[in-house]
Amino acid sequence: MDGLADFHHVEFRVSNALQTSFWYCCCLGFNRFAIQKDEKTTAIAIRNGKAIFVIKSNHDDLNEENSNQIRVHGDAIKDIAFRVDDIDAVAECCDKEETETTLLVNYYTPLRELASIQRLASNRVEILLPKTIIQDDNGSVMLLKLQAKDSDITHTLVDDKDYHGLFLPGFQPLLDTGDVVYPRKPIPVVFVDHVVQNYPIGTIEDAAEWYKQSMALHRSIDDRITTSEYSAMKAWLITNGDQKVQMTLAEAVPGRKGRSQIEEFVKYNGGPGIQHIALLVDDIVSTVIKMRERSVEFLHVPPSYYVLLEERLKNSKVHLKEDIAKLRELCILMDFDDNGYLLQLFTKPVQDRPTLFIEIIQRRNFKGFGAGNFKALFDAVEREQRLRGTLCEET
């Protein structure tokens with residue numbers, strides 16, 4: 001089966017799309033470029049490089065689905081959309097018979113109405129939106145939307161090779177006034193590098209099998225368990241063939257005396273969900289400096305990490321182009337092999353609930369996933385838990 005090509009966009013469901021979109025523009029250097037708005041919903045599309053976020057809110061008090069989404073999860077990611085080269089192949093994988101009918105919609109019919117047209121379950125894959133063509137004067141887009149297993153996360157599959165418009169049919173150009181914190185320097189992002197999802201204990205095996213069945217995503221790393229005195233977690237990496245789509249599935253490991261950061265996430269998120277999105281950049285040092293100037297807060301990394309890092313580098317063939325003192329100053333983590341390295345760091349949660357955060361990542365001839373930094377990230381998040389008073393089990 002021809003599978004997923006890459007990430008198309010990430011959709012957030014929030015209580016106020018206007019204010020949330022401005023935060024990502026002010027702090028992470030995105031720019032607003034398209035909008036879809038009617039009497040009941042507002043969806044603002046923002047982008048930085050090839051990374052596109054759609055910030056969506058509903059102002060219809062009678063919309064029970066959206067009200068429950070915000071009540072249970074707070075502001076959160078609802079949909080990870082993928083670009084596909086052959087949506088028919090994906091549809092056949094989900095359900096050959098039930099997805100043969102294609103809906104044709106001139107885009108003057110809101111997508112929110114389409115979502116309720118058909119709901120079916122086949123091969124453990126629930127289809128929220130059957131194969132559907134939406135179109136306007138700029139061409140047509142074919143969509144298929146799936147409900148992730150045992151989760152409120154959805155995945156929209158997008159075949160847009162016949163569309164030449166700004167974003168998607170139904171979105172109108174949004175005249176942006178430029179960088180909303182002008183005259184600060186821009187923060188260039190390349191694209192979404194990967195996504196991490198958190199699950200309740202004992203469920204990632206089923207989740208991984210679901211992604212294999214529905215989207216041909218396969219595990220590329222064996223079980224990896226990271227532990228501390230208080231908690232433990234297990235993570236699997238699933239990818240498509242060329243690794244342009246990478247997602248990590250993580251769950252807590254029982255038996256420790258504290259509440260795992262995964263358990264904390266699941267509690268505050270009201271179930272499984274997206275823990276973080278990684279944004280690829282070409283110059284992480286410059287990017288982090290600019291983001292700090294815009295009041296973005298990052299996790300702290302202790303000096304001892306860099307002492308060990310320098311010792312490891314002495315025995316490595318890799319040549320670090322960046323100044324390690326600057327990495328230490330900015331709390332940037334490093335993972336490497338004999339061929340290259342990656343640099344990464346993580347923001348603190350970007351909303352009131354300790355759920356979603358953002359990763360900034362730079363790669364230099366390194367296709368790995370920062371597995372060598374799992375322990376450092378685990379400990380950094382655990383330190384934040386301790387500050388919040390949520391690390392130890394409630395008595």
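Using N, Cα and C of the backbone, Cβ positions are placed for all residues, glycine too.
Among HIS155, HIS164, HIS194, the residue that TrEMBL places alongside HIS276, GLU359 at the Fe cation binding site is HIS194. Spatially close to GLU359 (Fe cation binding site) yet at least six residues away along the chain are ASP193, VAL196, HIS276, ILE277, ALA278, LEU279, GLN344, LEU345, PHE346, THR347, judged by Cβ distances under 8 angstroms.
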